[in-house]
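Scroll down for the structure; my scribbles are underneath it.
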Amino acid sequence: MRKPPIHRSFWNAIKGVMWLIKSERNFQIEVSALLINVFLILYLKLTVNDAALIFAVSFAVLGLEILNTCVEKICDLIQPEFDERIKIIKDIAASAVFLMSIGAVIVGLLVYSKYLF
Ligand SMILES: Nc1ncnc2c1ncn2[C@@H]1O[C@H](COP(=O)(O)OP(=O)(O)OP(=O)(O)O)[C@@H](O)[C@H]1O
């Protein structure tokens, strides 16, 4: 298959993000958290390094959420019925988001505490 032009690849990716914002509750929550962080970065006047750290962990959570959603969609496609193996696969994929979210909260507490206390 011929590779699509670069602008079409970007457009496909943007459509993917729009679908996630419209359809996935967890993704909506994580995008809201990102927007709150943008507000706090501006309001508390974070240094460039601290802002970069907050952006890095926020986008890491979003990226893992996207991969988790892909795993869920593929699982639902290949096995719509209850299956113990699918349960393990989905639980493991969800744990990646869970662990990264804990890491992001820890980073947030460490960074913001410098500006609040
Ligand atoms: N086909 C299945 N067989 C066995 N267990 C399943 C199956 N589908 C879902 N589960 C269980 O339900 C959980 C939630 O799966 P679901 O596909 O509903 O994702 P979700 O509601 O979008 O959750 P998440 O918060 O992880 O995104 C899984 O982590 C798994 O434990």
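Going from the start of the chain as shown, residues are counted 1 onward.
A Cβ is built for glycine as well, from the same backbone N, Cα and C atoms used for every other residue.
As recorded in TrEMBL, the features of this protein are as follows:
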type	residues	note
BINDING	Glu24, Glu72	divalent metal cation binding site
BINDING	Glu24, Glu72, Lys90, Asp91	ATP binding site
TRANSMEM	27-46	transmembrane segment
TRANSMEM	52-71	transmembrane segment
BINDING	Glu65	substrate binding site
ACT_SITE	Glu65	active site, proton acceptor
TRANSMEM	92-112	transmembrane segment
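Each of the binding-site residues Glu24, Glu65, Glu72 was assessed for Cβ neighbours inside 10 Å, and the highest tally belongs to Glu65. Candidate binding-site residues: Glu24, Glu65, Lys90. Those with a Cβ under 6 Å from ligand 1, in sequence order, are Lys90. The maximum pairwise C-alpha distance among Glu24, Glu72, Lys90, Asp91, the residues recorded as binding ATP, is 17 Å. Long-range neighbours of the transmembrane segment (52-71) within the same chain, counting only residues 6 or more positions beyond its ends whose Cβ lies under 8 Å from a Cβ of the stretch, are 16, 20, 24, 26-27, 30-31, 33-34, 37, 40-41, 46, 89-90, 93-94, 96-97, 100-101, 103-104, 107-108, 111. Counting every protein chain shown, the number of other Cβ atoms lying within 10 Å of the Cβ of Asp91 (ATP binding site) is 10. Closest to Glu72 (divalent metal cation binding site) in space, going by CA atoms and restricting to the binding-site residues Glu65, Lys90, Asp91, is Lys90. In the shown protein chains, 16 other C-beta atoms lie within 10 A of the C-beta of Lys90 (ATP binding site). Of Glu65, Lys90, Asp91, all annotated as binding-site residues, the residue with the shortest Cα distance to Glu24 (divalent metal cation binding site) is Glu65. If you take the Cα of Glu65 (substrate binding site) and the Cα of Lys90 (ATP binding site), they are about 12 angstrom apart, rounded to a whole number.
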